[in-house]
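Some notes on the structure that comes next.
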Amino acid sequence: MAEDDMLAKAAPPEEKDVYTKDGTVDFRGNPAKRNATGTWKACPFILGNECCERLAYYGMSSNLVIYFKTQLNQTSAVAAKNNSNWSGTCYLTPLLGAFLADAYLGRYKTIASFSIIYVIGMTLLTMSASVPGMKPTCVSKDDCHANGGQTAATFIALYLIALGTGGIKPCVSSYGADQFDDDDEVEKKHKASFFNWFYFSINVGALIASSVLVWIQDNVGWGWGFGVPAVAMAIAVLSFFSGTRLYRNQKPGGSPVTRIIQVVVASVRKYKVKVPEDKSLLYETADAESSIQGSRKLDHTNEFRFFDKAAVEVQDDNIKDSKSPWRLTTVTQVEELKSIIRLLPIWATGIIFAAAYNQMSNFFVLQGTLMDVRVGHSSFEIPAASLSVFDTLSVIFWVPIYDRIIVPAARKYTGHKNGLTTLQRMGIGLFISIFSMVCAAVLELIRLRSVRQNNYYKYEHMPMSVFWQVPQYFLIGAAEVFTFIGQLEFFYDQAPDAMRSLCSALSLSTVALGNYFNSILVSIVTKTTTKDGNPGWIPDNLNYGHLDYFFWLLAMLSVLNLVVYLFISKWYTYKKTVGTLR
């Protein structure tokens, strides 16, 4: 017994995780453990996961509009709308995944569980394109008919994939950024670079998808064309789990939606209460830490002062000697809501950009199918959807240029640590996207003029090389590097610590709404322009239409969107945590 007591006394105490102010595990008390986790050591597994998952996603989605049209026998307008609606859903479900990650599961468990749903969806999609009885009945390669059950199987699989991606998209970029400590200046400096290389890995996967996999779908078959992405998704899951021991995990902070509603309710209850001029009188916890799990304290800001009423202490706030969060909230909790409100106008300007970007998988592809898809004078043909490889190459070209050349050069003139602010970066991308739409419109104008002059209306491929589409793809890729990567960084940086997945999902939802906006715009344009027996701007045979007018419309909307963005960005106030300069 005495020996047991001695052993018990000699045994080291059980180590428990200590958390930093932003909710990540703090290893500073244990340098060996800290140095063994996080930073770039953990990132290869996260970047590998993202590369393979995007290969799976783009390998399945890049040519989807063609699958709808040739295998499910849908018209151009219906195929484009179904593609936009599904793609939009893929960028809307992240709101669900982000809520679960921030509130209850944490990012690691959310990514892991939703990845399983994703793999199930990819497996079912492969079966719907390859198993007899489940796949459409084909008379020839591009003349197929699907019954109701076969169509239903396809869309069930697609929307399972949409649900699965909802738990991955909003969490992976934030989870990667979590591996760098905001309180460590050296690690913090690498975080901005991480977002560039994160997007780079996305486009490595997209490059393989839009070249190799699209070719397989068009020349080998849709069973293999969907089967390879399914295998890629399985590899993505294995890559993610392989790095488990190296990850730094952030504790979920409870429901962000509940905290937001509490501020609103408390403010409304105190609508007659006057906010004191001295903001130090507003309620905040006395501890150095925020009362919100996984979140640093936020400094008070002067905008939206109505919500400050929620942090004004009055006698009725105490219920049974404790403060009710539905009557009194901290300054940090109020500032969480203000941060979200400030993000919304910037978020809204991303919708038009996303609608323009959406053309790459819709009308850019349909435009390309009517052009000469041969490589040079050879008989080798490339699928029109493969032209999106030039968007990917543009991203792969611009990411290192931006990270290694533009940032250091801009830093000398601006003095900003990242060269350009994230708002400036996004604005440049919005500007570039206008020229992509202009290029597409001009090309279609020239193409249609050739069709009418030479009576190419019935030609499957008119004698104009599809490679004339390269400029519009290259420009939309450059716009991506500035706008989409800027959005990733901006919404992560400006989000309250305990709402980062939710704000990443908010950023992604612009793509969803852009797709839905595009779908609505197509419906309005089709209905408006097909009156009195006219073929309209977007008929089934685009040679009889005016797709150029649709591109011009998007260009004009993009110009208006940029003007609004410039006004909003001047008004924006950056988030400031307690004890920081910004």
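Here the Cβ of each residue, glycine as well, is placed from N, Cα and C on the backbone.
As annotated by TrEMBL, transmembrane segment applies to 111-131 (among others).
TrEMBL lists 197-216 (among others) with the feature transmembrane segment.
Residues or ranges marked as transmembrane segment by TrEMBL: 222-241 (among others). Same-chain residues lying 6+ beyond the ends of the transmembrane segment (222-241) with a Cβ under 8 Å from its Cβ atoms: 45-46, 48-53, 55-57, 59-60, 63, 67, 71, 111-112, 115-116, 118-119, 122-123, 125-126, 129-130, 135, 205, 209, 213-214, 216.
Summarising the annotation, TrEMBL assigns transmembrane segment to 340-360 (among others). When Cβ-Cβ distances below 8 Å are used as the criterion, the transmembrane segment (340-360) is approached by residues 84, 87, 260, 303-304, 388, 391, 423, 426, 429-430, 433, 436-437, 440, 473, 476, 479-480, 483, 487, 490-491, 494-496, 499, 503, 506-507, 509-515, 517-518, 521, 551, 554, 557-558, 560-561, 564-565, 568-569, 571-573 of the same chain, each at least six residues removed from its ends.
Taken from TrEMBL, the feature transmembrane segment applies to 380-402 (among others).
For the transmembrane segment (423-446), same-chain residues at least 6 beyond its ends with a Cβ under 8 Å from one of its own Cβ atoms are 346, 349, 353, 356-357, 359, 363-364, 367, 464, 468-469, 471-473, 475-476, 478-487, 490, 547-549, 551-552, 554-555, 558-559, 561-562, 565-566, 569, 572. Annotation comment: TrEMBL describes 423-446 (among others) as transmembrane segment.
Long-range contacts of the transmembrane segment (466-486) within its own chain (CB-CB distance under 8 A, at least 6 residues past either end) are made by residues 195-196, 199, 350, 353, 356-357, 359-360, 364, 367-368, 371-373, 382, 384, 387-388, 390-395, 397-399, 402, 422-423, 425-426, 428-430, 432-433, 435-437, 439-440, 443. As annotated by TrEMBL, transmembrane segment applies to 466-486 (among others).
For 498-517 (among others), the entry in TrEMBL reads transmembrane segment.
Annotation comment: TrEMBL describes 549-568 (among others) as transmembrane segment. Away from its own ends, the transmembrane segment (549-568) comes close to residues 345-346, 349, 352-353, 355-356, 359, 363, 426-427, 430-431, 433-434, 437-438, 440-441, 444, 521-522, 525, 537-538 of its chain (Cβ-Cβ under 8 Å, at least six residues beyond either end).
When each of 111-131, 380-402, 498-517 is scored by its Cβ pairs under 8 Å to the transmembrane segment (197-216), the top-ranked stretch turns out to be 380-402. Using a Cβ-Cβ cut-off under 8 Å and counting only residues 6 or more beyond its ends in the same chain, the transmembrane segment (111-131) has close neighbours at 49, 53, 56, 60, 67, 71, 97, 105, 150, 153-154, 156-168, 171-172, 175, 221-227, 229-230, 233-234, 236-237, 240-241. Residues of the same chain lying 6 or more positions beyond the ends of the transmembrane segment (380-402) and with a Cβ under 8 Å from any Cβ of it are 58, 62-63, 65-66, 196-197, 199-200, 202-204, 206-207, 210-211, 214-215, 217-218, 360-361, 364-369, 371, 373-374, 466-467, 469-470, 473-478, 480-482, 485.
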